[in-house]
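Worksheet for the structure shown next.
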Amino acid sequence: MAAEGWIWRWGWGRRCLGRPGLLGPGPGPTTPLFLLLLLGSVTADITDGNSEHLKREHSLIKPYQGVGSSSMPLWDFQGSTMLTSQYVRLTPDERSKEGSIWNHQPCFLKDWEMHVHFKVHGTGKKNLHGDGIALWYTRDRLVPGPVFGSKDNFHGLAIFLDTYPNDETTERVFPYISVMVNNGSLSYDHSKDGRWTELAGCTADFRNRDHDTFLAVRYSRGRLTVMTDLEDKNEWKNCIDITGVRLPTGYYFGASAGTGDLSDNHDIISMKLFQLMVEHTPDEESIDWTKIEPSVNFLKSPKDNVDDPTGNFRSGPLTGWRVFLLLLCALLGIVVCAVVGAVVFQKRQERNKRFY
């Protein structure tokens with residue numbers, strides 16, 4: 001894992017232990033804690049290395065139990081999934097494989113943070129590999145389907161780690177991470193790489209890395225944040241940050257992967273869930289969180305992502321038709337100013353002629 005140290009970015013921290021020659025007590029799990037003071041005066045929601053908030057009933061951690069069998073405590077396998085002593089392989093580097101792993105226990109935490117240690121690798125060259133991994137927090141589990149090995153029209157949250165661009169017209173650079181929230185009414189469109197239903201996303205070069213790769217998902221008080229550590233720097237990098245997300249409690253965590261004509265090894269090394277200690281208002285506490293319908297309060301439609309290669313419609317750069325409209329407005333403004341200037345100039349000329 002990456003070197004030990006505190007990395008503060010967007011209120012996040014991760015302590016990774018165990019490399020020789022570094023300070024620290026040795027290997028240990030990454031876990032969250034809220035610090036009220038940082039350097040004497042900074043207040044923030046920050047995770048640290050204290051394991052008291054790790055929820056083991058929702059976590060997949062080495063050493064795995066049940067190696068060599070078709071099941072393990074707290075987790076169910078499906079499809080091509082294979083358990084080894086070092087990783088859970090969702091699919092091998094073979095065509096037409098689907099596999100998934102799902103937690104037994106529904107999660108009733110209102111605020112949580114999931115750290116995923118994963119690896120996607122294979123022999124395929126550029127754009128000759130696929131398809132990717134999906135991380136799930138959904139109502140239904142162990143239902144195979146066409147969306148990275150799991151069902152379409154799901155209820156809940158999905159984070160897609162997509163390695164292959166099916167849409168040949170896309171401007172985006174793959175691998176690409178995107179987020180989708182669904183109440184069962186939306187279908188994931190593989191031909192467009194899910195762009196029509198994507199809330200936000202980012203390019204993330206996680207395939208065939210020679211070091212560990214991590215992804216973190218935080219959900220707290222309606223804010224969904226996804227961050228990555230892919231550069232072996234022990235540093236979280238912001239990928240997705242969305243507010244107005246509503247997710248119920250009582251759903252299941254899982255991971256799935258699928259291959260088609262192209263393939264890769266899709267491995268999960270660990271999934272660690274942490275409880276975030278967050279105060280809620282009396283009104284929030286009185287809500288039956290199991291009855292909440294998955295939804296997002298949009299500033300704009302996710303379809304606005306179509307011409308935005310970053311996928312982040314809230315803060316992405318101006319591209320495509322947005323640039324065209326901006327230039328058109330500027331041109332019209334110049335024309336109007338020129339016409340008004342010409343009229344004013346002509347009237348001044350006529351007024352000057354009256355004095356001669």
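Backbone N, Cα and C define each Cβ position, glycine as well.
As written in Swiss-Prot, here are the features:
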TOPO_DOM  45-322  topological domain 'Lumenal'
BINDING   Asp162, Tyr164, Asn166, Asp193  Ca(2+) binding site
CARBOHYD  Asn183  N-linked glycosylation site
DISULFID  Cys202-Cys239  disulfide bond
TRANSMEM  323-345  transmembrane segment
TOPO_DOM  346-356  topological domain 'Cytoplasmic'
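Of Asn183, Cys202, Cys239, all annotated as recorded positions, the residue with the shortest Cα distance to Asp162 (Ca(2+) binding site) is Cys202.
According to its DSSP assignment, Tyr164 (Ca(2+) binding site) is coil.
All protein chains shown were included, and the count of other CB atoms within 10 Å of the CB of Cys239 (disulfide bond) stands at 24.
With Asp193 (Ca(2+) binding site) as the anchor, the candidate recorded positions are Asn183, Cys202, Cys239, and the one with the nearest CA is Cys202. In three-state terms derived from DSSP, Cys239 (disulfide bond) belongs to an extended strand segment. With respect to Cys202 (disulfide bond), the closest of these recorded positions in Cα terms is Tyr164, chosen from Tyr164, Asn166, Asn183. Classification of Asn183 (N-linked glycosylation site) by DSSP places it within a strand. Cα spacing between Tyr164 (Ca(2+) binding site) and Cys239 (disulfide bond): 18 Å, rounded to the nearest whole number.
Spacing of Asn166 (Ca(2+) binding site) relative to Cys239 (disulfide bond) is 21 Å (Cα to Cα, whole number). Those residues of the chain, other than Asp162, Tyr164, Asn166, Asp193, with a C-beta within 8 angstroms of the mean position of the Ca(2+) site C-beta atoms are Gly130, Asp131, Gly132, Thr163, Pro165, Asp167, Phe174, Tyr176, His190, Gly194. With respect to their backbone Cα atoms, Asn183 (N-linked glycosylation site) and Cys239 (disulfide bond) stand 23 Å from each other. When averaged over the topological domain 'Lumenal' (45-322), pLDDT in the model lands at 89. Secondary structure at Asp193 (Ca(2+) binding site), as computed by DSSP, is coil.
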